[in-house]
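These come from TrEMBL:
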- 11-147: domain 'Alanine dehydrogenase/pyridine nucleotide transhydrogenase N-terminal' (DOMAIN)
- 82: active site, proton acceptor (ACT_SITE)
- 101: active site, proton donor (ACT_SITE)
- 135, 203, 204, 227, 231, 251, 277, 317, 318, 319, 320: NAD(+) binding site (BINDING)
- 205-249: disulfide bond (DISULFID)
């Protein structure tokens, strides 16, 4: 079976990452793509996705069994959000759109790219779909910061109200109003407000973190907003030790001095919660070099080893926006829509030609990198 002539065939695969409820394509965006007349869309069944299969069927998408993308027509563009399972090493003959997390030399990056080389496939990495000014055309940044701030405040409240008890499993919320109401209720029980620092406060992610703190009722004077001007002097920064919650929202593109050191956290500090939204966990330039593992919604916080008796817990969940999967997916897919509409002309459309060129450059770099 092959795709209809002269149409671009998008194949929305089921996400395999645990607790991932978002989707790269929302039913509303699928409806608009189909109305354009140049697309056909196949959607895999999913019990985890925030949108019901019926929502896609109602707008004209074809529904197929989960994990059937492997035998999809060769010209189908396999579309997803998160990376494929690490234990899957089969060659990839299709074109894929996803966050592959392999362009910044993360752990296992060569293994991921080698699958495309062996299958003669192509990767359009969502993180590197950029406009002419170099800005990403679509990102979950705002909701990553928004939900990261929520987790940080909630973890701090848990420390105050249930010291020594394990932090509970994080589950998705039907909408942000429910999440905000829960945070306000817990802050009221604590009876005081934390001081929170947002690093990268002027970016998409940082603005989301600041927004959540404000919506939760934290006073403006308790929200410390830092960006490139404040960090220009180079870390580490004592100011991070002087707040209760540190939310890191920077986009790391090159080596920088660390924000935090072991010596600092072993010394006198107010800090008790770090949320590393950026999650450059395995990046050799990680500016928070006091941990090296990602946390999960089932086990959201790790206890950082320190000689200071005051606890320090860190969250490094790398898909935080799935806490608010409907809002996050709708916003992301809507931002991505204008670029998707250019897919039929991807051989000349600059966003797509740049992404393809970058893929080939990264593949070539494997030969010259240890």
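Using N, Cα and C of the backbone, Cβ positions are placed for all residues, glycine too.
All features noted in TrEMBL, drawn onto the structure.
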residue	record	Cβ contacts under 8 Å, 6 or more apart
82	active site, proton acceptor	15, 16, 17, 20, 98, 99, 319
101	active site, proton donor	83, 109, 112, 127
135	NAD(+) binding site	none
204	NAD(+) binding site	139, 141, 142, 145
205	disulfide bond	141, 142, 144, 145, 148, 249, 251, 277, 278
231	NAD(+) binding site	199, 237, 256, 259
318	NAD(+) binding site	279, 281, 294
320	NAD(+) binding site	143, 144, 147, 148, 151, 277
Surrounding CB atoms that lie within 10 Å of the CB of residue 249 (disulfide bond), all protein chains: 28
NAD(+) site span - longest C-alpha distance across 135, 203, 204, 227, 231, 251, 277, 317, 318, 319, 320, in Å: 26
Other CB atoms within 10 A, centred on residue 277 (NAD(+) binding site): 30
DSSP residue counts for the domain 'Alanine dehydrogenase/pyridine nucleotide transhydrogenase N-terminal' (11-147), split into helix, strand and coil: 40 helix, 24 strand, 73 coil
Per-region confidence, the domain 'Alanine dehydrogenase/pyridine nucleotide transhydrogenase N-terminal' (11-147) (mean pLDDT, whole number): 96
